[in-house]
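Trainee: To start, I am sharing the structure in question, which I have written as structure tokens.
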């Protein structure tokens, strides 16, 4: 129960505050996140029970089922960050249900046909959530660059940093919940997170013109180590490997925030509100590649089955991204149909469109 409680804190407190990056969207960021999390956990448990009913999956007990459902909801929380402020509650609920079902199918394919373990298939949650969210948000109209609501304030940045700290503290429990070697997974995750936090401060000062720290860099890059090492947390035997992965994950997050937002997102017309691509997507890709490299090193002497194992893990990686992108585009198209009440661009990033907000209160 303790490990489940840690994961529950992550998805409720951590992502609830982490998404509070917009100056006039604080109520919706926390409130909508809370609603879709508790709704999504119920849906995920029901989907897993359905698989048990059709003998496609073994019954592992309700508490473990809820814990796995909470981890699966991380994919939805990440995807929500990409469409933050541009989708209404009905659209978010539809996206939650569709994404959970598709992610469950993706995990089942990885386990049944690609022989990926239950723990590792669940750790594809960052990869799936990031690219599903990017595909969905590409179908939404872009906000105007001059839109004043599409920015943060010191108060919203502080709340977002608080969510990042929550996620940082509980991430070892997240990576070790289903691991066979839990002690090793906890230690490696902590080392990766610690190095990524230090690297975030260093690179933030080096990449700014005046040498000052940027809170947006810290609150994203400090988590990169936990995402990167999630695939390999129980495989790593030496702490320095986890530290290197944490350093690389933090570096790719900060450098990606500079390059992607300026070079890649404008021509592709992708408006990633919370920067989930470089916060979760790129570190997850790096972690998946690192997992294959470590697998090759570990199984080097067993050359007869090495190629087969590498092919299976690369196939699982490609299957996860492909299914996330394809179903994300389809979901984004469905969400932009008239029955789901498309939000006009002028009403983006606005709490008053959904909540009773006092005129003298601004989050």
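Note that the numbers count up from 1, one per residue, in the order the chain is shown.
Here the Cβ of each residue, glycine as well, is placed from N, Cα and C on the backbone.
Heads up, TrEMBL stuff is auto-annotated, nobody curated it.
These came from TrEMBL, pasted as-is:
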type: DOMAIN; residues: 3-347; note: domain 'Ammonium transporter AmtB-like'
type: TRANSMEM; residues: 7-26; note: transmembrane segment
type: TRANSMEM; residues: 32-54; note: transmembrane segment
type: TRANSMEM; residues: 90-109; note: transmembrane segment
type: TRANSMEM; residues: 121-138; note: transmembrane segment
type: TRANSMEM; residues: 158-178; note: transmembrane segment
type: TRANSMEM; residues: 185-206; note: transmembrane segment
type: TRANSMEM; residues: 240-264; note: transmembrane segment
type: TRANSMEM; residues: 276-297; note: transmembrane segment
type: TRANSMEM; residues: 309-335; note: transmembrane segment
Trainee: Please report, as numbers and ranges, the same-chain residues at least 6 past the borders of the transmembrane segment (276-297) whose CB is under 8 Å from any CB of it.
Mentor: 78-79, 81-82, 120, 124, 126-127, 129-131, 133-134, 220-221, 223-225, 227-232, 235-236, 241, 245, 248-249, 252-253, 256-257, 260, 306, 309-310, 313-314, 317
Trainee: Return the stretch with the most CB pairs under 8 A relative to the transmembrane segment (7-26), choosing among 32-54, 90-109, 121-138, 240-264, 309-335.
Mentor: 32-54
Trainee: Excluding the flanking five residues on each side, which residues at least 6 beyond the ends of the transmembrane segment (121-138) place their CB within less than 8 Å of a CB in that stretch?
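Mentor: Distant contacts of the transmembrane segment (121-138): 68, 71-72, 74-83, 86, 95, 99, 102-103, 106-107, 110-111, 175, 178, 227, 230-231, 268-273, 276-277, 280-281, 283-285, 287-288, 316-317, 320-321, 323-329, 331-332, 335.
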Trainee: Residues of the same chain, at least six outside the transmembrane segment (158-178), with any C-beta under 8 angstroms of its C-beta?
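Mentor: Sequence-remote neighbours of the transmembrane segment (158-178) are 2-4, 6-7, 9-10, 13-21, 26, 67-68, 71, 74, 118-119, 122-123, 152, 185-186, 189-190, 193, 197, 215, 218-220, 222-223, 226, 229-230, 233-234, 363.
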Trainee: In the same chain, who gets a Cβ under 8 Å from the transmembrane segment (90-109) while lying at least 6 residues past its ends?
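Mentor: Beyond its ends, the transmembrane segment (90-109) has Cβ neighbours at 32, 36, 39-40, 43-44, 47-48, 51, 56-57, 72-73, 75-76, 79-80, 83, 121-122, 124-125, 128-129, 132, 136, 319-320, 323-324, 327, 331, 334-335, 340-341.
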Trainee: Tell me, what is the mean pLDDT of the domain 'Ammonium transporter AmtB-like' (3-347)?
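Mentor: Averaging the confidence scores along the domain 'Ammonium transporter AmtB-like' (3-347) gives 88.
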